[in-house]
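Okay, structure first, notes after.
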């Protein structure tokens, strides 16, 4: 049998293969191993994600290790925990998998996955069930951007039946995930109950849905081209979206712009209802309001007549973090990242008798460099254009009870270095 994967997509010499040990990924890895034989410059690695959902998960790891050892493919095993609130098990598992893939990819490597034509049909039907538009109905692309590289699906034009023929012809062994028989999961319900009926009635139903998905993708690509100038006009250098240019747009055009802006932020595709709420409840809220719409772990906010897509962060106004070894980086709470004092800068280092801490609020009138007179911190934030949601999560450096600096924003007159021995207060963020 000849290789069934689309070799024209495999332009990279470094490949990371998502390997569950099931039929699809076993055939994919086997074909890539054969392709490597024909192309000695190719480097293959595999990754297996242990979700911890099945009592057989450890046995699956052993199976994958044995297969990869036999085929001389280095294997990475990533163990993940599912704890994302508000998501079903399927969505949690998928999210954890792709986060593991992103962490494991090496520079220059592409990710290759084993989705096939039947998977594409299921994805299309799931999008149809959700009431998706052309973007959702485009289903999966053979090549897409992922984690700064590419995600390639070289089996997308092949049916599961073709993959099974390959596996049987080559004597391959694979695992069967018992959860695949549980039709309480939407995708399994389609695979086990719905698609077989449709295929029985219309044998080429999967191919037809794939063509529809391709047509939807073409329409979406055309819309991207036609709306590129509008999006560029509305979007700022900070990645925010200006509201004013969208006021005169039709509802459909405005919604398309907001969708594309969110896609650029790597946000999940919003529902039609969410798009209406973004415009009505956030963009058009009262001028004196501070509107916020939660979408999963993120928020859409309005500030200075712009829409902002931000990670939800718990305010830290009551938090005080002692920094006893200030020569070392300090980890901040709530996943805010780390801060450190580095040599060279306009902040004086602490004296031996000064306790160093990081806080997120400061009382009284403050005197900052570049401003005359004293001001309360709230007024300083307003004057410097710091968005409200950053005001109680921006690290403030204190020596004793004296505010010295706000990371990346200002230095107080009490914190100014004298001479050439200053330091910088550097904040390494982990959240957008």
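A Cβ is built for glycine as well, from the same backbone N, Cα and C atoms used for every other residue.
What Swiss-Prot records for 20, 21, 22, 23, 24, 25 is ATP binding site, and it gives sequence analysis as the kind of evidence.
On the structure: features taken from Swiss-Prot.
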{"residue": "20", "record": "ATP binding site", "Cβ contacts under 8 Å, 6 or more apart": "48, 49, 60, 64, 175, 177"}
{"residue": "21", "record": "ATP binding site", "Cβ contacts under 8 Å, 6 or more apart": "48, 60, 63, 64, 67, 174, 175"}
{"residue": "22", "record": "ATP binding site", "Cβ contacts under 8 Å, 6 or more apart": "174, 175, 176, 177"}
{"residue": "23", "record": "ATP binding site", "Cβ contacts under 8 Å, 6 or more apart": "160, 163, 164, 167, 174"}
{"residue": "24", "record": "ATP binding site", "Cβ contacts under 8 Å, 6 or more apart": "114, 115, 116, 119, 155, 160, 163"}
{"residue": "25", "record": "ATP binding site", "Cβ contacts under 8 Å, 6 or more apart": "17, 18, 19, 113, 114"}
- [ ] Starting from the ATP site formed by 20, 21, 22, 23, 24, 25, give every other residue of that chain whose CB sits within 8 Å of the mean position of their CB atoms, in sequence order.
- [x] 19, 26, 27, 28, 114, 174, 175
